[in-house]
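Heads up, the thing below is written out as structure tokens.
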Amino acid sequence: MPSYISLLLLLLLAAASGLCQNCGPKYNNQICAANTCCSQYGWCDTGANYCDPATCLSAFSGPGSSCAYLSRPKQKKSNNNALTTTKPTTTTKTSTTRTTTTATATNTNTTFATSIPVIDVCGHAQGGVSCPGAGPGGYFYRCCSAAGHCGPKNDIQDAAMYCGAGCQAGFGKCGVNGVSKPVTVPSGSTGTAGEGETCGPIVNKRCADGLCCSGSNFCGTGEDFCGAANWCQPSWGSCAGKRTV
């Protein structure tokens, strides 16, 4: 009997391995199948353990998942991997070094992105990528968490998740004291986003009727978008439930 149970367990493990797909930088940059998210550990599936915007790997999640770059406009990066709204080839005749040009494009620019940043992972383990900051005052996507993710991603996440203990200084901002959360309430000027489009306080768009705005700021349906565990944003779309922080 013990040998029978052991054999059964091995068969179950083999079946699970066959159904699960690896993803991410640890697995040759493989991308998950459609509608599945890549977890921080490099496994593809659905649900909160895989699609949590605080930990999932957006660049390796499948199209249609709440964690993927759905209809995300491509943005250019400067040499230090920070987002910039200027063209990388744009220089002036008075510039003498590449360092000077980069500093002008990324550090002295007080205007932050009003689109969802392409950068999601960050830190030493991710090749030294820094968080760019986005939205009003660069409040969102400004800190690199201990797990190597930029945040906070929305206005319901506690900034301390990213900017508090374990925050990776040198790869974005750190600290929550003295940093005020911007007032981000939908108003008359708020736009409407369709399925697969970006939503939330950074882009100032609310999802169309029947669509949920996920914690990663994309409109869609299903638990990955509408579930409280994935930080569904009730102010910016429909939600299965509200999450308080």
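Every residue, even glycine, has its Cβ placed from backbone N, Cα and C.
Curation does not apply to TrEMBL; its annotations are automatic.
Each of CYS20, CYS44, CYS51 is a candidate, yet TrEMBL gives the disulfide link of CYS32 to CYS44.
For CYS23, the disulfide partner recorded in TrEMBL among CYS20, CYS37, CYS38 is CYS38. Among CYS207, CYS212, CYS213, the cysteine that TrEMBL records as disulfide-bonded to CYS226 is CYS212. Ranked by Cβ neighbours within 10 A across all protein chains shown, the disulfide-bonded residues CYS32, CYS37, CYS212 are led by CYS37. When the disulfide-bonded residues CYS23, CYS32, CYS44, CYS207, CYS219 are screened for a C-alpha within 10 angstroms of the C-alpha of CYS226 (disulfide bond), the residues that qualify, in sequence order, are CYS219. For CYS219 (disulfide bond) paired with CYS51 (disulfide bond), the C-alpha to C-alpha distance reads 14 Å. Using CYS51 (disulfide bond) as the reference Cα, a 10 A cut-off selects CYS44 from the disulfide-bonded residues CYS23, CYS32, CYS44, CYS207, CYS212.
Using a 10 Å Cα-Cα cut-off around CYS38 (disulfide bond), the disulfide-bonded residues CYS32, CYS207, CYS212 reduce to CYS32. Among the disulfide-bonded residues listed here, namely CYS23, CYS32, CYS37, CYS44, CYS37 has its C-alpha nearest to that of CYS212 (disulfide bond).
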